[in-house]
Amino acid sequence: LHRYYISKGAIVDQLGGDLNSTPLHWAIRQGHLPMVILLLKCGADPSLIDGEGFSSIHLAVLFQHTPIIAYLISKGQNIDTTDFNGQTPLMLTAQKAIGPEPMRFLLKFNPSLNAVDNVQKNTALHWAIASGNTSAVDLLLEAGASLDIKNVKGETPLDLAYQSQNHFMIYMIQEDERMRNRRNNKLLKTVEKYELFLMLASSLTFMWALGYVMNLSSDSWLLKGGLLLSLLFGMALFVRQLVGLKNLRYLPTAFLLSSVFWMSMTWFFWFLPDILLYSRNALELSLDMMGLLYYFCKTRSTDPGYIKTSEEERKENIIALAEAGCLDFRTFCTSCLVRKPLRSVHCLACQACVARYDQHSLWTGQCIGIGNHYYYLLFLSFLTMTGVWLLYGTLQYWSNHCAASYQQDGAWTYFTQTVSCSPWVSYISSVACFHTLWASLWLTVQLYQVIF
């Protein structure tokens, strides 16, 4: 019917109705993407202002029609188009759309974070704070919105937060300001540059210190408990003060590598003399550890299948999907702005879509997908075998160096005497048992999924 009217000479941009809007404005209000596509193909002007002072992209943002926003921007609509009051779509979202969307989506198109409107001279961050939009404040702070710009009343974003008496919002802004000031500190910049190395070094030291405290000759559990609590407090303080949120996800990886290091040290300095006098068992464990480290590095360094496109390709994909009637969450990722292949998933940790996504591995700090799944299975296999060898070495050590007897002393006495025989060995064996347990169980699950 619309094609018929247009073919008969209907004016595509005719204003009308109570809101003095064009057909394109009405189609956007209703979220009618096919009609939006048709009207734009027929020459509709998306920059026209309706009776409320909004252009097409402002209406799409106001009614939170994400596919229409994506299509309008891909067709060339300026992300920083202003309405009658000089508000950009980002400001309107911060003021009217309570929640993370479509704010998170708009930020993918690099809008101006520090533009101000014509009346209040507020930035998007000012509007988000004035509206109590905590999600928008969080996203704008993460994107780097300025905290120093003052509005027409001379108020900064923090001043508005104090006026609103929203304590959580005040805390968010103050914490972000503190983090920005830290980035300007030369010493902290150096620390941040070597943050991963420091995390690994501190993890190695922490694991050694735990074992050292357990291995103390003192019989005072109060002393040992106090030292262990001090170590835990010190490590927590180090992580909280010196490790940024971006690198915090690598903490399990540092723990794994530290575990492997001390497991290998324990094998060669504690267990090796008791195991068949340097026979092939030592060689086998060495090969297992080399295989473990090699496939760990391969899993980490291999592209798991990140879907990469240029900005131009993204816009072409959005237009193609929209005009094919397929612009929905099943085929389009609103975070990466890419067409999703079969079995791909957006990883929140890596902020990327991964082809044939399996998981984001805590222990490798890397996504597992089509590119590195094979290496990940081998990593799990070698980790399991390494752990089994360590447990075998532990049993050999206990049988040669611990005088307790299960038959004579009973279960509890045998257990306590064996553990106290060498607290360091007991400590490392528990670490090896932990890694062997999770690696073997997860390997079983992975192989089951591959086979069936």
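Just so you know, glycine gets a Cβ as well, placed from its N, Cα and C.
As recorded in TrEMBL:
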DOMAIN    329-450  domain 'Palmitoyltransferase DHHC'
REPEAT    19-51  repeat 'ANK'
REPEAT    52-84  repeat 'ANK'
REPEAT    120-152  repeat 'ANK'
TRANSMEM  196-215  transmembrane segment
TRANSMEM  221-239  transmembrane segment
TRANSMEM  251-272  transmembrane segment
TRANSMEM  374-392  transmembrane segment
TRANSMEM  424-445  transmembrane segment
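Away from its own ends, the transmembrane segment (424-445) comes close to residues 207, 210-212, 214-215, 256, 259, 262-263, 266, 270, 377, 380-381, 383-384, 386-388, 390-391, 394, 397-398, 418 of its chain (Cβ-Cβ under 8 Å, at least six residues beyond either end). Confidence over the repeat 'ANK' (19-51), given as mean pLDDT on the 0 to 100 scale, stands at 93. Sequence-distant contacts of the transmembrane segment (221-239), counting only residues of its own chain at least 6 positions beyond either end whose CB sits under 8 Å from a CB of the stretch, comprise 199, 202, 206, 209-210, 213-214, 248, 251.
Taken through DSSP, the repeat 'ANK' (120-152) splits into 17 helix, 0 strand, 16 coil. Using a Cβ-Cβ cut-off under 8 Å and counting only residues 6 or more beyond its ends in the same chain, the repeat 'ANK' (52-84) has close neighbours at 19, 24-25, 28-29, 31, 33, 36-37, 40, 46, 90, 92-93, 96-97, 101-102, 105-106, 109-112, 115, 117-118, 314-316, 318-319, 322, 327-328, 332, 334, 337.
Residues 2-3, 6, 12-13, 57, 59-60, 63, 65, 67-68, 71-72, 75, 77, 81, 83-84, 322-323, 325, 327 of the same chain lie 6+ residues outside the repeat 'ANK' (19-51) yet bring a C-beta within less than 8 angstroms of a C-beta in it.
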